[in-house]
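Undergrad: Per TrEMBL, the feature domain 'SSD' maps to 245-372. As annotated by TrEMBL, transmembrane segment applies to 16-34, 217-239, 251-271, 277-297, 318-336, 348-371, 412-429.
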Amino acid sequence: MKKRILQFSINHPKKVFWITGLITLLSLLMMFRINVDTDPENMLPHSHPARILHDEVKQRFGLADMLVVGVVNDKDSNGIYNPDSLSNLKKLSDAVMTLDGVVVEDVMSLPVSDNISQIQKEGAKAISFHYLMETPPSEQAQADQIRQWVDRLPMLQNTLVSGDNKAAGLFIPITSKDKSYQLYNQIQDIVAGFDKKGDEFYITGLPVAEDTFGVEMFLQMAISAPAAAALIFVLMLFFFRSPALVAAPMILAMATVIITMGLMIGMGFSVHIMSSMIPIFLMPIAVVDSIHVLSDFSDNYRAGKDKKVLAEECVTDLFRPMLFTSLTSLIGFLSLNTADIQPVRVFGSFVGFGIILAFILTMTLIPAYMVSLSDKTLDKMATRLHSHDDDQSLTARVLRQMPQAVMRNSKLILSLMVAVMIVSGWGISKTVINDNPMNWFNQSHPIRQADKVLNTHFAGTYEAYISFSNTQKNDENISTLTKPILKNAPG
């Protein structure tokens, strides 16, 4: 079977090209059905107990994911309580509530917060409700009045206004987490048109961090995969010195990535954050076997030699070691199917498929490509590669001396390896798991900076909810349960 396939590839290279090209084209067409999912929450299936509880509590209490916008003024002596800052806050609040995807009735900000006061009406006491800031203040006295109202409403202190009075927050509930990146950009555009006068605007929150990371990771993969391909091409060109020969593994790698991703998308799997990394994994893995074949072929080819016979010899000699290396890599990635997280299983399965596909293409496409090259091209390659076979270059000298050096110092090398393993084991024991999405960004990223600044003024930018049930209306039980939680809560 192996020999038949190999001889078919060598004797009918054009048919191999057509078959590979057609499968690649069909896979490319399947990519138009792509569905991108950047929500880390979907790493867990909807049937997972934690996900079920999370969705149930959100639905029962009408909870929504929240964006946080902070307005900070460290320059004015009155902090945020100055006419310009409060005017910007009012304009921002009004603009945000016109955006699609915002749960308008649940927006929390000073302009739409109730000012509750006791008044005398027709000789009787009554409670008055009106917005804290129906219109922005035009002078400092009005700003001071708003400050007095906030100071006597403890629910607003350290929530909508920081304890140092230098920052005010807008908490914006959204209908769907996948709209957070769009809203993030829209709010940035709104703020860009303000006359800031010492105000700094910061946008953060868990949904915007997760969604932005997903979007930026996809963009990064779109850059990294071609960059990896370009680097691999340059390295192979340096070693083989023949663009025509080096093109073969690059074509193989591209076909492997396109067919694998096309199959995954065609089978209805969403392209998640995890699966977006499949191309960057497959690109270097796919060329490995073909490099072995091309290296053996280029080392043994001389002008006038029968390229068909040589191609068959190279692939036959290397078949078993390449099969074993491909199978071990396949098993390694398929082991990810033992995980409970579906995107991890999808990632492992399709990387494994890509590895076997690359092996099959190495056995078919590469020999077909080699025999299709003209004798003139191959003769030029042989001349460039073998004109200095007996050179005294640094690389050649090092390679000649390395075996003796290794044998003389075998005990030292083994001792160093043991030491490295011990140090590595110690390093692994120091692993710290931190899944805070803010740590996914660089220190200089606007979202991470916003989170850092707002956390210095407020108690935090994430929501945490505690749900109790079956307390039997016993206040003592509730107190017993909540005291340890509140005592050990950070901040």
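Cβ coordinates come from backbone N, Cα and C, glycine included.
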Undergrad: Considering only Cβ pairs under 8 Å, which range in 217-239, 348-371, 412-429 makes the most contacts with the transmembrane segment (277-297)?
TA: 348-371
Undergrad: Need a quick answer: max count of Cβ pairs under 8 Å to the transmembrane segment (16-34), which of 217-239, 251-271, 318-336 is it?
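TA: Checked against 217-239, 251-271, 318-336; highest Cβ contact count belongs to 251-271.
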Undergrad: Suppose you look only at the domain 'SSD' (245-372); what would the mean pLDDT be?
TA: 90
Undergrad: Please report, as numbers and ranges, the same-chain residues at least 6 past the borders of the transmembrane segment (217-239) whose CB is under 8 Å from any CB of it.
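TA: Here the qualifying positions are 36, 38, 246, 249-250, 253-254, 257, 271, 273, 276-277, 279-280, 283-284, 287, 291, 295.
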Undergrad: Of the residues in the domain 'SSD' (245-372), how many are helix, strand and coil by DSSP?
TA: 111 helix, 2 strand, 15 coil
